[in-house]
Amino acid sequence: MNKTHLTQTKFADLPLEKSLISGLTSQGYEYCTPIQALSLPITLTGKDIAGQAQTGTGKTLAFLPAVFHHLLTNAQPENRRKNQPRAIILAPTRELAIQIHKDAMVLASMSNLRLGLAYGGEKVEIQRTKLEKGVDILIGTTGRTIDFVKQGVIDMGSIQSVVLDEADRMFDLGFIKDIRYLFRRMPEAKSRLNMLFSATLSHKVQELAFEHMNDPESIQIEPEVMTSVNITEELFYPSNQDKILLLLSLIEEDWPDKAIVFANTKHTCEKVWGYLAGDGLRTGLLTGDVPQNKRLKILQQFTDGEIDILVATDVAARGLHIPKVSHVFNFDLPDDCEDYVHRIGRTGRAGEKGLAISFACEKYVFNLPAIEEYIKHPIPCSEYDKNAMLDSLPVMKVTKYKAHPNSRKDNYHRTHKR
């Protein structure tokens, strides 16, 4: 745990339940990030918020302590039934829901509040069995949650707190009708603690907050600083045919402890993964086509250090919270400016330093002006020497969706041109 703190506000100085402070302290959390320092004093009084903050700013620990504190300091509704959770946290992707659940487990163990998960891609009976025993806090995606509501497995009639995480992404993925479906089945907004977090507080996000929340207070974390000061950005202009060789050369030069390579399409991700894995690098592939059980296994291997490099699409990687990612490579410049910020936000977290390297190739260089306008600064450009790059491409692996935890860096030998 890196002890670097971004504010002077301590969790222990906030009016949190002592058990929650103990849980946070046990995980090394002492000081608040800006989003936590601004939001918790508001939500701990029971007031709603709509918060704008980028990925990697500590949003999860801005809302989890507030939810737990609210349930611990307020009596549960009279005549509450077993199938009625007291709080619901909704995320746009199953990976983010799983990560939030993982972060919540420590607080749950210190407070005796029961957690439940609801997301697609896993056998429904496993989740149903857990929910039928009764949970206090349900964490999930909208689709599977609605399925359980329609089946009577859960009922929204006793909800006392609601969190919408990455609300802008929910709009992008077309989930807002689902969100409204669930809101209509909850008690009125005035009887709940409501929290919304989004990378942007666009008009449509603010409209959602106005419609389903109780006069939320808007908070923004330095919106003019779109990228973290902890991230060093670097830009190369490779030709299309040089991209793979340049990527391999940069990886060999730096030997990242933990890196994520982003590409714009599933096909490109598979190709990049094939060359990296074929070169003996411990590499995992994360796209929407990878079966859920394999995705979870690959993510765990990456988190545990059994895999050094993750090749991913934006949809598959959005919302992931993986500590100590040292490098992010934009193999393709994204078409969406916000995706650039989300991608490089995988590194430089919690005070750690990170490096974000982007390739402006012939196909995607036209995305660069809009990205630089959005982040309000030019990305520093570096040149590469073709004569210093690797001689040739490795044989590309064709077996898909498999990580390679058994190969080792010290077995990797390549020849440079000199």
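Placed from the backbone N, Cα and C atoms, the Cβ positions cover glycine too.
Among the residue ranges 129-132, 165-168, 237-240, the one that Swiss-Prot annotates as motif 'DEAD box' is 165-168.
Swiss-Prot assigns the feature motif 'Q motif' to residues 9-37, out of the candidate ranges 9-37, 38-66, 183-211, 299-327. According to DSSP, the motif 'DEAD box' (165-168) comprises 2 helix, 0 strand, 2 coil.
In the domain 'Helicase C-terminal' (243-390), helix, strand and coil residues by DSSP number 64 helix, 24 strand, 60 coil.
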